[in-house]
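Asks: Pulled these features from TrEMBL for this protein:
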BINDING   B:LEU9, B:ASP84, B:GLY87, B:SER112, B:ILE113, B:LEU163, B:HIS232  S-adenosyl-L-methionine binding site
DOMAIN    B:1-223  domain 'Tetrapyrrole methylase'
Protein chains: 2
Amino acid sequence: MLYLIGLGLGDVKDITVKGLEIVRQCSRVYLEAYTSILTVGKEALEEYYGRELLLADRDMVEQQADEILKGADVSDVAFLVVGDPFGATTHSDLVLRALNAGIQYRVIHNASIMNAVGCCGLQLYNFGETVSIVFWTDTWRPESFYDKIKKNRDMGLHTLCLLDTSAHLKIYEPPRYMTVAQAAEELLEILQNRRDRDTVCVGLARIGAEDQTIRSGTLQELASCDLGGPLHSMIISGHLHPLEVDMLKLFSGPERLKTLKMTDSSTYVS
Amino acid sequence: MLYLIGLGLGDVKDITVKGLEIVRQCSRVYLEAYTSILTVGKEALEEYYGRELLLADRDMVEQQADEILKGADVSDVAFLVVGDPFGATTHSDLVLRALNAGIQYRVIHNASIMNAVGCCGLQLYNFGETVSIVFWTDTWRPESFYDKIKKNRDMGLHTLCLLDTSAHLKIYEPPRYMTVAQAAEELLEILQNRRDRDTVCVGLARIGAEDQTIRSGTLQELASCDLGGPLHSMIISGHLHPLEVDMLKLFSGPERLKTLKMTDSSTYVS
């Protein structure tokens, strides 16, 4: 059996009881090491699980899946993924390879950024398509994500922006994680009109971890804030329900608090 | 401290290790009993946690929140929610009441249907706004959810349909849970043209549980399928990536398999 097990978002104890029991009885345990990161390292996980973890980078999952699946028809192999196992396409690929090899699979779900963002008070029902914001280079400055944000906003929907983690690239330099401030800078460069610049945005850092940080404000405000270590993500709000406004006030800076206290939520929709 | 703890989707062991440790040390533990259900009952949870659970129905959470929060400034109170705590609006309300009373809060996240649907192979990034499908009565037949599905499809996005649980209504009859077949029937009544009727849909039942069931097919096929006990939800697909098609094939009936084997995924987009 191939077990795809979500680790959740924070530390070693965010795995489910069911997931932990399975990890402890599998013959091999892989840790997917490229789509996301926990706030703790591989060593902390190994100590808590009492198991050696085999790191699986993107190359291994995509090109040496047979090695991961070896023997999984007669014994149990666990494949650990930060968040929930079905956030990234390549895990569908692993499932299909397993089934083709006659290996059954099972998914142990957990929280991922896709649902945990609800903690900022914006209703998950009111999110449109998720977008990714990537690091610009001197010659590559894609703006396509902005069109999706615009479409969502035109329908009154919030947009979750997943920020670039160059960690998944096969490059020989330390991983880079885009911060909320960097993402806000890129968006500000794209935006031309004053009105959109006042859109209420939410910066989120290390959601699910002890030191998670949420900050609401305009792009300008987020561009100058420091939310600390990775991972960061950002939300561009759509139409705000009064209760959503009340929740966002919790996460606004002192100077912003005054503005957000206005009761007419439509003020925040361009 | 007020702890809002997600229980995940399946059974007693889908709580996280962190959540379980907190439940066992809190002075009072409430179980939110109206937005969703686990496949196991309150008694099974009580036995596994080794704690008495106080049922909190909608009335209690909305009108007697003070009772839930009593003493939470000096001791720890846990509020358990099936799935993740931030799926339903009323929990934002509880958080705001707590803060107004000088009580700190903390969220322990878990999987919810909002992210666990990824297990059917459709990419979470490609979902648009989520809709709710409600039980029609003789005099009340809302169709507004269809407009949202249409908008999503026009943009090539999938739509997650959450199906009615009359369990949350204050009625003096047993709770009713809408099945995928019932939801498909309602949609078929709304749809007029043949083309939309061929849209690839996915029925999901008891996601995260041992006996979870996923079935892909047309609305007509789903309208005549029996996916078993609650909870059910449904996805109306948008543009399908080839890998998504491969995953959905896993969950199609024998007669559908043939059609889905076509490699041109655009066939499935109206």
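Each residue, glycine too, has its Cβ placed from N, Cα and C.
Unlike curated records, TrEMBL annotations are generated automatically.
Can you tell me where each of these features sits in this structure?
Replies: B:HIS232 (S-adenosyl-L-methionine binding site) falls within a strand segment according to DSSP.
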Asks: Just how many other Cβ atoms lie inside 10 Å of the Cβ on B:LEU9 (S-adenosyl-L-methionine binding site)?
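Replies: Taking every protein chain into account, the count is 25.
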Asks: How many Å separate the two farthest-apart Cα atoms among the S-adenosyl-L-methionine-binding residues B:LEU9, B:ASP84, B:GLY87, B:SER112, B:ILE113, B:LEU163, B:HIS232?
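Replies: Site span for S-adenosyl-L-methionine, by Cα atoms: 17 Å.
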Asks: For B:ASP84 (S-adenosyl-L-methionine binding site), which residues of its chain lie six or more apart in sequence with Cβ-Cβ distance below 8 Å?
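Replies: Spatial neighbours, sequence-distant, of B:ASP84 (S-adenosyl-L-methionine binding site): B:GLY6, B:HIS109, B:ASN110, B:ALA111, B:SER112, B:MET114.
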Asks: Suppose we call a site close when its Cβ is under 8 Å from a Cβ of chain A; which of the binding-site residues B:SER112, B:LEU163, B:HIS232 are close?
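Replies: Qualifying residues, whose Cβ lies under 8 Å from chain A: B:SER112.
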Asks: Should B:LEU163 (S-adenosyl-L-methionine binding site) be counted as helix, strand, or coil on the basis of DSSP?
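Replies: In the DSSP reduction, B:LEU163 (S-adenosyl-L-methionine binding site) maps to strand.
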Asks: For the domain 'Tetrapyrrole methylase' (B:1-223), what's the model's average pLDDT?
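Replies: Computed over the domain 'Tetrapyrrole methylase' (B:1-223), the mean pLDDT is 90 on the 0 to 100 scale.
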Asks: What three-state secondary structure does DSSP assign to B:ASP84 (S-adenosyl-L-methionine binding site)?
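Replies: Where B:ASP84 (S-adenosyl-L-methionine binding site) sits, the three-state DSSP reduction gives coil.
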